[in-house]
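Chemist: Quick one: structure below, then a few questions.
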Amino acid sequence: MDASVTTLYAALVGNPNCGKTALFNQLTGSRQKVANYAGVTVERKEGRLVTPGGHPVRLLDLPGAYSLQATSPDEDVTRAVCLGEHSSEPRPQLLICVADATNLRLHLRFVLEIRQLGVPMILVLNMMDEAERRGMTIDIKGLAHELGVPVIPAISVRTGGAARVLEALDAPLPAPPPPLPEGADAHVEVRRILAAFVSSEDLREATLADRLDHWFLHPVIGPLILLIVLFVMFQTVFSWAQPIMDSLESGVAHLGVLVGSLLPDSMLRSLLVDGVIAGAGTVIVYLPQILILFLWILALEESGYLPRAAFLLDRIMAAAGLSGRSFIPLLSSFACAIPGIMAARTIQNPRDRLVTILVAPLMTCSARLPVYTLLIGAFIPQRTVLGVLGLQGLVLFGLYAVAILSGLIVARVMTRGTASAEHPLLLELPAYRVPSLRNLAMGLWQRATIFLSRVGTIIVTLNVLLWALSSFPAPPAGTTGAAIDWSLAGRIGHWMQPVFAPIGFNWQICVSLIPGLAAREVAVSALATVYALGATGDDAAGQLTPLLSAQWSLATALSLLAWYVYAPQCLSTLAVIRRETNSWKFVAGTATYLFALAYGAAFVTYHVARLLGGG
Amino acid sequence: MYLNTLPRGETAIIDRVEPQGVSDPIMKRLVELGFVSGEPVQVIAIGPMGGNPIAVRIGSTRFALRREEAARVHLRGAS
């Protein structure tokens, strides 16, 4: 066969934090496809490239691994593909093993393990600039001769830093490397090779990492810095995103009006305007917030700070039966549970990952805020407590605190008894790096497209379904009152009422809960619809406030607040749980436990409030 | 002496990593990460709550690990 026309199938393999993904981005540019490996939610990245000599290459970016003795689903994929045992992936013709030149003591052991496989391979020594900066010299030729594989220096964070890797792909496939003699100890080999070909770096001088770690991991200063980082992060997620979200919101509203004016008054118009456009709108409006959040997480991840945060918070998470690794997904869930649940992929322990996904909906997402604001504004007096604290702010803080505490307790209960096998923290604290704009942009782009294409389609579908429930059957001609009252959703609301009477909900609340399933904040405009205000959005809240405080008891309002702390009032979240766990069982379980908690909390709140005179 | 009792800032040489139980995946992983006989290890930080977990450095690689995990690493030069 003519080698110039057949596509080479190669895979990048290496330790976590070896700069593998940056190299992958350099080599393939935007020609990447991101999906999952069959049956597991391990991210599969494949890209295409053409070498300078015109050879097409399909390149797979395998998940980072410390060893072929896999301890996580990620490592298991890498093991199976490298060994040619994966059910749906062919064995690569060439393994491109990537190692951090400044961390060879750790990375070379895995290189030797890969070398034992007897597959053609090349070794890419990444981050050569940093190695030189530290005064290390590496005998590349000697190392290549010793290992029996081509060794190529690279600087994956610099444009053109992967040029020599591309050239190497033009060369004919190297012969499979010779295996180590039987019974050789890899660690002894690593030490021997390092002594022979690598001048050891000067460790006497405190490195940047030492100095930064002194403060970032400090028992007192460290948590303070973390608090500041989190505070700034949340500030930007909420304040930077707000103007963009506002303009998107009005843009979506304008589009709805425009489409509405172009079409005659018909079911089709209602479907397009109230179902599709409004549904897609709820997704798109949250996109700026989600993107800013993702940008933060990517930047903190790339900079090497995230594992430090996990180190600082491990004890709190351990009290809930989890580990520091669960911190980021739960943190993200405060903006929106959807990216939070997606971020749980970074947790290696399957039990921790599952529990994190299941408690993520308890973290107070930003969609609850419009509901909280409406109810607090209508029912909690603007009083100051202890001279300085606003009562309304205190109630809001209390709602957040109760949610966090509940999340920790639920996690504790879920992990109880299952912790028979010790699950370790054992987390590498990688070198600090300035995040590269290119990697941030590509990461952001990939996450945004995943969010829009997969999650978005589910959300729009559900919105159309809820639109149908709220629109059919239409009220008979000449009737007054809310149209939703005649619809299936309205009828379901009335049927639900006896069930919700013990927690103080009237039928209007029950009806608004149904469209509120699409997205929590929709409940506000749904309430406006039920009370036949004919207003939508921000407007609705303004008109609703006096109406609600006149019609509802304080006990009912507090009960609804308690309900919203827990209730899985978001079908999109449940859809993502289905996608990430591959199981309807966990979706049903999550919905059941959250509804049970919501009902219980609302019941207690309602009756305690009535006893105290709030009825 | 084991790594879980090494004070912050101190360096010691690893003697061996001992398994807990018959098959100990954590011990295997520690060895794969470079916790092997003869390597110097330094405690660079201790956690803010109760001093757990700890952060250690081997060569230029840093790891965060819980004291329970560190208790498998036996250090040289002490009983």
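Our numbering is plain: 1 for the first residue shown, then up by one each step along the chain.
Each Cβ is built from the backbone N, Cα and C atoms, and glycine gets one as well.
Okay, so TrEMBL annotates it like this:
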type: DOMAIN; residues: A:7-175; note: domain 'FeoB-type G'
type: TRANSMEM; residues: A:220-241; note: transmembrane segment
type: TRANSMEM; residues: A:247-264; note: transmembrane segment
type: TRANSMEM; residues: A:276-299; note: transmembrane segment
type: TRANSMEM; residues: A:319-342; note: transmembrane segment
type: TRANSMEM; residues: A:354-380; note: transmembrane segment
type: TRANSMEM; residues: A:386-411; note: transmembrane segment
type: TRANSMEM; residues: A:448-469; note: transmembrane segment
type: TRANSMEM; residues: A:547-566; note: transmembrane segment
type: TRANSMEM; residues: A:586-609; note: transmembrane segment
Chemist: Sort out the residues at least 6 away from either end of the transmembrane segment (A:247-264), same chain, that have Cβ-Cβ distances under 8 Å to it, and list them.
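Modeler: Sequence-remote neighbours of the transmembrane segment (A:247-264) are 272-274, 277-278, 280-281, 284-285, 287-288, 536-537.
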Chemist: Take the transmembrane segment (A:354-380) and find every residue of the same chain, 6 or more past its ends, with a Cβ under 8 Å from one of its Cβ atoms.
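Modeler: Long-range Cβ neighbours of the transmembrane segment (A:354-380): 238, 286, 289, 321-322, 326, 329-331, 333-337, 340-341, 344, 347, 391-392, 395-396, 399-400, 403-404, 406-407, 410-411, 414-415, 519-521, 523-524, 541, 544-546, 548-549, 552, 554, 557-558, 560-561, 564-566, 568, 570, 573, 577, 580-581, 586, 589-590, 593-594.
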Chemist: Give me the stretch from A:220-241, A:319-342, A:386-411 with the greatest number of Cβ pairs under 8 Å to the transmembrane segment (A:586-609).
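Modeler: Most contacts with the transmembrane segment (A:586-609): A:386-411.
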Chemist: Could you tell me what the rest of the chain brings near the transmembrane segment (A:220-241), counting residues at least six beyond its ends with Cβ under 8 Å?
Modeler: 288-289, 292-293, 296, 300, 305, 308-309, 312-313, 331, 334-335, 366
Chemist: Any residues 6+ beyond the ends of the transmembrane segment (A:319-342) with a Cβ under 8 Å from its own?
Modeler: 230, 234, 237, 286, 289-290, 293-294, 297, 306, 309-313, 348-349, 352, 355-357, 359-361, 363-367, 407-409, 411-412, 414-416, 419, 423, 425, 427, 447, 450-451, 455, 570, 572-573, 576-577, 580
